[in-house]
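**Q** Residues or ranges marked as domain 'Plant heme peroxidase family profile' by TrEMBL: 17-337. What TrEMBL lists as disulfide bond is 27-122, 60-83, 128-333, 207-240. Positions annotated as site 'Transition state stabilizer' by TrEMBL: 54. TrEMBL lists 58 with the feature active site, proton acceptor. Residues or ranges marked as Ca(2+) 1 binding site in TrEMBL: 59, 62, 82, 84, 86, 95. Annotated substrate binding site per TrEMBL: 170, in sequence order. The heme b binding site annotation in TrEMBL covers 200. TrEMBL lists 201, 253, 261 with the feature Ca(2+) 2 binding site.
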């Protein structure tokens, strides 16, 4: 593939009618406000960049129009309403308390702070969904990623969907096939699986998400055989003993904790992926004919990865947004307007 970016096409993606300049007249300082707030927060806590990116991903991946009880096999026929800031809504039945998010989704206070400054500058104009999308963009950029334009004009959803979050968000224990089907359900493809998994080039994961790989993996009485670094296994076993605190965390990308680069893919090639769902992109039987070659490409050429990542981020942000008169512009990102 030389130095060309991978052609990353998919079908059935709803696009945002607005451009990156959607608020040029109604809130011209929006990007400056978000940029300054992100610079301030990641200077104090670099990990927050990864947390805000994850928050955007987990928001966009969950629809809000399915029934409350739906069998997994019927999940892929749901109508998506993705990037609508539903993850920001408070409430015990909200997405915040879904299994993939509880005790792990972070950055809500940062979004609150940004929203407060935006409201002071241009009240009732900018959606929480757009604020989250722009915050994710600056989080990537200020950690070493490529700049990209964020189409704007999303509106905020009126309800959250905890059941949808539990079923639709990819889990760290899933097979490549299941993860790919979840991506396809929202209009993304297997190329996006690899590219967006590359967001694990920064941030942290809790012991609960990978401890199953360290002891008696799949009943083998041994660690996961695709974990090839024995020193890494030993360190992780000490950090995450069988009956230890599952909330203990470690870096997703060893040796490149806070930089947005391609080291994550080099880890996969060397059997050092932390999560099972990461390592399957290279080591699983399914990967041989699907994702392994792309992992190898990105492990060797960080520029191609960074270029492709920005395109997949635009696609992610375009997953069935609410636009026009649908939804609302929340005054407070945690609650719908009264």
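Including glycine, each Cβ sits where the backbone N, Cα and C put it.
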**Q** Going by C-alpha positions, which of the recorded positions (60, 128, 200) is nearest residue 261 (Ca(2+) 2 binding site)?
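**A** Closest recorded candidate to residue 261 (Ca(2+) 2 binding site) by Cα: 200.
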**Q** Which one of these recorded positions, 62, 83, 207, has the sparsest Cβ neighbourhood, judged by other Cβ atoms within 10 angstroms?
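**A** Among the recorded positions 62, 83, 207, the sparsest Cβ neighbourhood within 10 Å belongs to 207.
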**Q** Can you name every residue in this chain, apart from 201, 253, 261, with its Cβ inside 8 Å of the center of the Cβ atoms of the recorded Ca(2+) 2 site?
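**A** These residues sit around the Ca(2+) 2 site: 198, 200, 202, 256, 259, 260, 262, 263, 264.
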**Q** Out of 27, 58, 200, 240, 253, point to the one nearest residue 95 (Ca(2+) 1 binding site) in space (Cα versus Cα); all of them are recorded positions in the record.
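**A** Sorting the recorded positions by distance from residue 95 (Ca(2+) 1 binding site), the top entry is 58.
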**Q** Return the residue, from the listed binding-site residues 82, 170, with the maximum count of other C-beta atoms within 10 angstroms of its C-beta.
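**A** That would be 82, with the highest Cβ count within 10 Å.
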**Q** What recorded positions among 60, 128, 253 are found with a C-alpha within 10 angstroms of that of residue 84 (Ca(2+) 1 binding site)?
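**A** Correct set: 60, 128.
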**Q** Sorted by position, what residues of the same chain at least six away from the residue listed as 'active site, proton acceptor' have a C-beta under 8 A from it?
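**A** Spatial neighbours, sequence-distant, of the residue listed as 'active site, proton acceptor': 87, 95, 100, 101, 105, 165, 169.
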**Q** Within its own chain, what residues at least 6 apart in sequence put their Cβ under 8 Å from the Cβ of residue 333 (disulfide bond), listed in sequence order?
**A** 85, 88, 108, 111, 112, 115, 128, 131, 156
**Q** Which residue, of the binding-site residues 59, 84, 253, 261, has its CB surrounded by the fewest other CB atoms within 10 A?
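**A** Fewest other Cβ atoms within 10 Å, among the binding-site residues 59, 84, 253, 261, is found for 261.
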**Q** Work out how many Å separate the residue listed as 'heme b binding site' and residue 253 (Ca(2+) 2 binding site) at their Cα atoms, rounded off.
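**A** The separation of the Cα atoms works out to 7 Å.
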**Q** Taking only the Cα atoms, work out how far residue 207 (disulfide bond) lies from residue 86 (Ca(2+) 1 binding site), in Å, as a whole number.
**A** 27
**Q** Compile a sequence-ordered list of residues in the same chain as residue 240 (disulfide bond), six or more apart from it, whose Cβ lies below 8 A from its Cβ; state 'none' when nothing qualifies.
**A** 207, 210, 211, 214, 246, 248
**Q** From the recorded positions 54, 62, 86, 122, pick the residue whose C-alpha lies nearest to the C-alpha of residue 253 (Ca(2+) 2 binding site).
**A** 54
**Q** Work through the recorded positions one by one (27, 54, 122, 201) and name whichever has its CA nearest to the CA of residue 62 (Ca(2+) 1 binding site).
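**A** Its closest listed neighbour, by Cα, is 54.
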